[in-house]
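A single structure is presented below for examination.
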Amino acid sequence: MDHSKQQNASITQAQAEEAVRTLLRWAGEDPTREGLLDTPRRVVEAYGDWFSGYREDPHDYLQRTFEEISGYDEMIVLRNITYESHCEHHMAPIIGKVHVGYLPNGKVVGISKLARVVESYARRFQIQEKMTAQIAACIQETLSPRGVGVVIEGAHACMTTRGIHKRGVSMVTSKMLGTFREDARTRAEFLQFIEVGTNVMDL
């Protein structure tokens, strides 16, 4: 079941703010001191922004398509769509770039809509592998193209700021559907277009 547009109405703003105060006390802080008085409210408001993807259905962004494309049937690629997400294991930031390509099957979509699909999935608790598959599936299910390719690069704070503390490491994941999966030449053309390898730490 898709819970993307559902909100947990049983949890109030006040309860969410109290949860932040509990974490502050657990960390050894005093949430009543001046510098932290507004922190619970600010954190809850930030969460509303960071996780706004739960209130959206990414498929909706791809409903309006264009068929007057003068017979264009070659690959369409968007490179370097920046994103910010959060690891579902540690709630730590993931920052990176998404590259999306598809082979139209008689209709195309406005390029900004593909970026909105990326944003909608990124603004949730994620693992990069799942987000890669979700974006590809959304495009395939809604546009029915001849093929879809999605490559994501990400720098994971759960690896760079805790645990093993390895900075400068980026993770690359891919999902190929249709012709992108079945035809090596199509896949190679897509990978050549996107030129994976830009250091995401420069974002």
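The backbone N, Cα and C atoms fix where each Cβ goes, and this holds for glycine too.
According to Swiss-Prot, the protein has these features:
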type	residues	note
BINDING	Cys87, His90, Cys158	Zn(2+) binding site
Residues near the Zn(2+) site, Cys87, His90, Cys158 excluded, by Cβ within 8 Å of the Cβ center?
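Neighbours within 8 Å of the Cβ centroid, excluding Cys87, His90, Cys158: His86, Glu88, His89, Met91, Ala92, Ile94, His156, Ala157, Met159, Arg162.
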If you run the three-state DSSP split on His90 (Zn(2+) binding site), which class comes out?
coil
Output, ordered by sequence, the same-chain residues six or more apart from Cys87 (Zn(2+) binding site) with a CB under 8 Å from its CB, or 'none'.
Pro93, Ile94, Phe125, Gln126, Ile127, His156, Ala157, Cys158
Which has the fewest other CB atoms in a 10 Å radius around its CB: His90, Cys158, the listed binding-site residues?
His90
